[in-house]
Every structure is written in structure tokens, then in C-alpha cells.
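So the structure is just underneath, and the comments pick up after that.
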Amino acid sequence: MSLNFNPIERRDKVIKSTDFDALSSKLSCFNKNYFSNDPNNDSSLFKSYIDQLKINLPLLASNNSLFKSFGNSKFSIQRLLNSNLNENLIKNKFPLINRGTYIRTKLLDILIQNFLISNNYENCQIISLGAGSDLRFLNLIKNFSSSSPHKIIHNFKYIELEFKESTFIKSFIYLSNPTFRDLIFNSSNFDSSLQYNTNYNINNINLSTFNIDTIQTNNYLLYPIDLRDKNQFTQFIQYLKNSTTIKINFNHPTLIFSELSTCYMSSTDSNVLLQSFQSAFPNGIISLYEPISLNDRFGEMMSNNLLKRKIFISTLNDYPTLLSQIDRFQSQITHFNKILSSDMLFIYNNWLTSNEKLRLSRLEFLDELEEWNLLASHYCLIVGTYGHSSLINTDFINQIQSLKWQIIH
Ligand SMILES: C[S@@+](CC[C@H](N)C(=O)[O-])C[C@H]1O[C@@H](n2cnc3c(N)ncnc32)[C@H](O)[C@@H]1O
């Protein structure tokens, strides 16, 4: 069966499929041992996720709502995932792509760790925009429970927001795997008792009748949303206000981050979204990891390559440099007390120890040093803090200022 799609649906299909690009890049990094002995990126968790996905591909492909969202035939999602998870193709990923994926993952891990430390692991709320198949939440709880001494996190909340097709796949993988289920529902490192919606029997998951796209516990929420849609955002905030399970405190320090996701929205949509988050969570940190074009030939090439896939990244044009991203935070989103920003090249050079750089250079020989410099200077991390909480304005700022930054405003 083949379906017809209008240009907007076609574009959204490609945007949704970028989650599988990210997954495939991470798989390549795991295969090449980039994350070896990294407690924030546990390889057994990642491999279990990929295995569970592969085993269930035929079933996922037969799910009506999924195949309509990812392709134009029943086999599209199967083809899409097969090509993204194909070990032979993954073997050939360029070393500089692996290094880029690794650094991007690390820099956000570092930011999150700094946020947790500066809040003394208490009352921290994290919201991941366009979380895709990111396994950070599982890694965090596994890491906390295996740490010595065993860490108790008081009032920790982690929310993942994504298109419903992706939250459906993730819900299925999480709920159908005992290790993931245990981490999510039975983790002993939380001080609150965990609950979940008992409308379904998690011991007997059947994909043909599976229709869950939301997971909620006292500490975790996986929630389906199109982040461009203001009504859906309002419904999400209402959902949080009504929830007697996750019990979000809107005044607690909240880290809201996007790892290559808000860049797929129009600049206006992403700025409005971030303003809405600021209104809903008055004490927070907004952090974006995005490509920047630098208005040069490499940036133009990036843009053209994306256009060939029908992906238009408006922020590449609208905020092409670190300075323009800072200006965006100041004039379009506003209310920030402090804005810090660096490109990935600066972060690679300044945040990684020489031992770590040596380890990376031994993992894979990178002869295209010039290309690495170009690629790495075309991605940036920007972090803005706002609100009155001293935990953010003093403690968090002190904590992250100990890292080097290219621009501090
Ligand atoms: C390149 S992937 C990155 C996924 C994840 N952040 C990571 O780094 O592994 C971009 C993600 O953003 C999500 N996304 C983009 N626009 C979105 C929107 N309007 N609403 C919800 N999710 C969106 C896509 O579905 C996709 O999963």
C-alpha cells in the first residue's frame, strides 16, 4: 500500500527520521569504543535498546500509525531502520562524524552533570526537547544507583518531549525490556515511591495491541508533542499541573535543553517555544546545541546537503554565528541573566583533557584535520540562565564558569 503526502507531511517525515540518523551515529561511536568505560553512556544499555529495536522491526513496520508517519509503505520504517542500523554501513562512518557525535554527547553530559552538582542533586528538573532515542535518563539512574556511596536523589524529575511516533517506539522498547522497566519503575535510588499508569500490563506487551505513547512515573515523563504547536504546549503544561504522579514544581531550577532538535523548527517557532518555557518555568537554564553556518562555503555546503534531504534549517540563515545566537537569546527570547557560548572546536580544544584527546586520536586516525576544524566550528552550544534562583545564578554559573567559554555575556 502506498500513500500520498503533502509537502509539509513529507518534510515532517524527514524531521522525524533524523532520530534514526542520531541513533545510527551513536551506534557507530559505541562500536568504535568512543564511550568505553563512560558511566554516562553505558554500552550494555545502548546495545539492549538497539537489539530490542531490531528484533521488533517487523512488528513496528506492521503498525499502521507508524508506517504512515515514517514512509509511504508498510516497509518504509523497516527499510529506514535497517539502513540506519546496518552494521556494514555503520562501519564506514567517517571518523570525523564519530568524533563530532562523541563530543556533542559529552558536552551535554558535562552540562547536565554540572547542573546536578550545583543543585546538590536536589529538586532538579530536566526537560529534553526532541529527545528521540536518547538514553540519558536511563544512564543517569543506572549511574546513580551504581555509584558508591549509593546516591539518593531527592525530587529528581526528567521529562522527554518528542513527536508521538518516536515516543510510541521508545515506550514500546522501554516497556518490553525487563532491564529498562526495572530502571524506570523499580530504581531504588529515588526517595519517592514510583508509580506508573496501570492501564496496561507491562508483563505481557503485545505490539499489535500496543498503543502507549506516554510513560509517567514520579521521576520520569515521556510525553508526545509537536513542539511547534502552541495548543499542544498549553495542554502539556496543563497535564503537568494536573498530574499527581510526576508532581513538577514550576519554581524549581529547571534545565531545558535541545540537542539538535529545535533547529528543525522555524526560528520563530523555536523562539516562541523557548519563551513559553521561560513563562512556565521561571527559574531555569535554556541550552541549545545547534549548527551554525558562519556564512561561509562549508556552511553553505551543510545547508545544501540538508536541502537535498528536504530539510531546511532556518536558524542556519537567521543565526549563523555565535554572536548572532547570543543576540537571538537577548533580543528574541530575552530575560537571560547570563549567556555562555562556544563552538564545538573550542569545546574539544578546551574541555577535553590531553589524555582524552590522545585516546580519541588512537581510536581512529583522523587525517582530515582541516575538515575536523571546519566541521567542529560549525556547531555550537549556547547556554542561558534566567530567573531569581541563586542555585542557578550563583551556584550553576560558578560551576560552569570553571569550564572555558568562547563568549560570556
Ligand atoms: C537529530 S534528532 C536528535 C535526537 C536526540 N536529541 C539526540 O541527540 O539523540 C532530532 C529530534 O528532534 C525531534 N523533533 C524535531 N522537531 C520536533 C517537534 N516539532 N516536536 C517534537 N520533536 C521534534 C525529531 O523527531 C528528532 O527525534
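Even glycines carry a Cβ here, placed using N, Cα and C.
Noted in TrEMBL for the protein shown:
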{"type": "BINDING", "residues": "Arg104, Gly130, Asp226, Leu227, Glu259", "note": "S-adenosyl-L-methionine binding site"}
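When the Cα positions of Arg104, Gly130, Asp226, Leu227, Glu259 are compared pair by pair, the longest gap among these S-adenosyl-L-methionine-binding residues is 24 Å.
Just so you know, of the binding-site residues Asp226, Glu259, the Cβ with the fewest other Cβ atoms around it within 10 Å is the one at Asp226. Mapped onto three states, the DSSP output places Arg104 (S-adenosyl-L-methionine binding site) in helix.
The Cβ of Gly130 (S-adenosyl-L-methionine binding site) lies under 8 Å from the Cβ of Leu161, Glu162, Leu227, Ser258, Glu259, Leu260, Ser261, Thr262, Tyr264, each of which sits 6+ residues away along the same chain.
In sequence order, Glu259, Leu260, Tyr289, Met344, Tyr379 constitute the residues six or more apart from Arg104 (S-adenosyl-L-methionine binding site) in its chain with CB-CB distances below 8 Å.
Of all Cβ atoms in the shown protein chains, 23 besides its own fall within 10 Å of the Cβ of Leu227 (S-adenosyl-L-methionine binding site).
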